[in-house]
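Sharing a structure with you now.
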Amino acid sequence: MATIKKEECSCPRRKKPTCPHKPYRVSYREPGGRAGKPRQVSFKKLDDAEAFAVKVERDKDLGTYINPKTGQRTFEAVWREWVEAGTLEESSKRNYQSVYDNHYGPFFGTRPIVSITPTTVQEWEADQKSRGYKETGINGRKSVLSSVFNYAVAAEIIGRNPCKKANPRRRPGQPLTPVTDADIPSMEEVLGIIAEAPKLIRAGFWAMAGCGVRPGESLALSDESMDWENGILAVDHQVSAYGCQEISGSRRGVKRGTKHRTFDEARRTPVPDSIKELFSDHIDAFGTWGDRGWFFESPRLSDRHPSYDWFLDQFKAAAKQAGTPQYTPKSFRHFFVSEAIHADIPLFEVAAWVGHRTTRTTELVYGHLVRRAMSRGSRTIHSRLGLKLEPFKGLIVPPSLTPGEGDTEDWDDVA
């Protein structure tokens, strides 16, 4: 049981309210009974000491006790521990560091992590909005922030995750933002962007729109990954901003495996005949390089992949010249998924093709596109079943919903 002891300081009584000494000392043991480590915390006011004593005993009873000193670690220190604790690749670590420097460090970096409250997180969100960031990006960064706090809770550094109370009006369990009609380019807009792209990289744009691959995955297309006979692409490599720099150079590194999947778990996606023909034309025009027969080579360096940044710049320039600067490479994936859904392809198939970790992701982002297909579904079932019911009309006697004249007992029940 926590005890409170008052230890008078030598300051004159008139100066005690402003002197730096803390006369009220709370003594208690950490969880574990007599084996628990004894601790002491001092307070200036008796009310604060009593409140702490009650809280520490309650936390021990509930199994939620946290050593107050661990929470004094800075957010930056916990962030670095969180990054190193996982199994992230070097490229992912560098990406996280870039996000930290731009979005978390200036606001949270030097604060004791225990001092970060739901209100603090709300202030950070407001700061993000004032800097002109879209809600989709803010939500994504908040999910990462929440993961850091979840780690701190699991490591018994803090007692609760402040992100979970920052916005009580937000529906839980839906951090992903569904796409809107404005996010999905039309066929004409897709063709317009590709027409403005350099011929050297057009096949990569076609791969995103026609096969649903990510930008880094399209840069890592190779003859080795193509099943030309069956029209299937094994998505087993990607070019990342930082991966394997000693092989491919800065921001043009290729690595085995893709997002959420190792090389041995490579997903497979269908390649339409038209796209397969475009891939073949690309090889005829530009050739391949390397042991795997890579499709794309740096325009300036031999035997090197194009840089990830160069690819994004080419897309941005092409979209601007086509009069649709609002689109990004991800817009082509949205186009692919929306076209697949409108073609009645099951969501679980689409999720496997585009590399979503689970179908839940596909449902949250694209599920509303399926709901729009209700009328089409009704017509499909009618064509398969409704027309076959014609011979049965008039032969099926519906049940009586009201009792007959002689059924007095039944009429009493109705009354």
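A Cβ is built for glycine as well, from the same backbone N, Cα and C atoms used for every other residue.
Please treat TrEMBL annotations as automatic predictions, because they have not gone through curation.
The shown structure was predicted, so the numbers you read here are calculated from the model rather than taken from an experiment.
In case it helps, TrEMBL gives these features for our protein:
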- 1-11: compositional bias 'Basic and acidic residues' (COMPBIAS)
- 12-24: compositional bias 'Basic residues' (COMPBIAS)
- 73-153: domain 'Core-binding (CB)' (DOMAIN)
- 180-380: domain 'Tyr recombinase' (DOMAIN)
- 1-39: region 'Disordered' (REGION)
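Set these features in their place in the structure for me.
With a cut-off of 8 Å between Cβ atoms, the residues of this chain six or more beyond the compositional bias 'Basic and acidic residues' (1-11) that come close are 19, 21, 23-28, 46, 49-50, 52-54, 56-57.
Residues 4-6, 42-46, 48-49 of the same chain, all 6+ positions outside the compositional bias 'Basic residues' (12-24), place their C-beta atoms under 8 angstroms from a C-beta of that stretch.
Averaged across the domain 'Core-binding (CB)' (73-153), pLDDT for the predicted model comes to 89.
With DSSP classes pooled into helix, strand and coil, the tally for the region 'Disordered' (1-39) is 6 helix, 12 strand, 21 coil.
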